[in-house]
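Here's the structure, in structure tokens; my notes come after.
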Amino acid sequence: MALCLGQVFIKDKTFRPKKRFEPGTQRFELYKKAQASLKSGLDLRKVVQLPEGESMNDWIAVHVVDFFNRINLIYGTVSEYCSERTCPIMSGGLKYEYRWQDGDDYKKPTKLPALKYMNLLMDWIESLINNEEIFPTRVGVPFPKNFQQVCKKILSRLFRVFVHVYIHHFDSICNMGAEAHINTCYKHYYYFISEFNLIDHSELEPLKEMTEKICN
């Protein structure tokens, strides 16, 4: 899938610099294993399963960073169509609206244009995955006790990107010939969060019909 995404999407429009794993680390080896499985054509339901003998937190960390990179690439490609004029509210159709809150600059849920919301979201995720206290990269340094809770929050907010792109920018995706590639990325994401129960299924309601169509 990575090769197809790279061929279809415009790499210089990636929303943020790609987060990479350091060669020689256990997480880099896990990343290579996950990528090899993806490219092998195996059932995605099996690809997301925890490899025998591996740490669940390491496996989750690898996937959170990978999904961040992939979803970055997807949104970066449609971002030129996502302006304050076209998308004055971060939403998923008329029924779902997402407000930004980070406890710092935005202490209360705040209505924002989708592009502004995306900028804040990607900044927020990037700051977390680059924080050694949350995503440790040194051998022997343990993950914090709240690591999986942090990852659940990241994955939940990344889902909102899928919602906005599918509902508001799917025509642009189809015009690029990228529908199958985004569907594959979403299926990978969906099977992963389902395998490890990382998102409350009520939060997936905005894409329920589409999920049933492509993931079942």
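Glycine too: its Cβ is placed from the backbone N, Cα and C atoms.
Residues annotated as Zn(2+) binding site in TrEMBL: Cys82, Cys87, His164, His169. In sequence order, Cys82, Cys87, Met90, Ser91, Gly92, Tyr98, Ala114, Met118 constitute the residues six or more apart from His164 (Zn(2+) binding site) in its chain with CB-CB distances below 8 Å.
Sequence-distant neighbours of His169 (Zn(2+) binding site) (same chain, 6+ apart, CB under 8 A from its CB) are Val78, Tyr81, Cys82. Within 8 Å of the Cβ centroid of the Zn(2+) site, not counting the listed residues Cys82, Cys87, His164, His169, the chain contributes Val78, Ser79, Tyr81, Thr86, Ala114, Leu115, Val165, His168.
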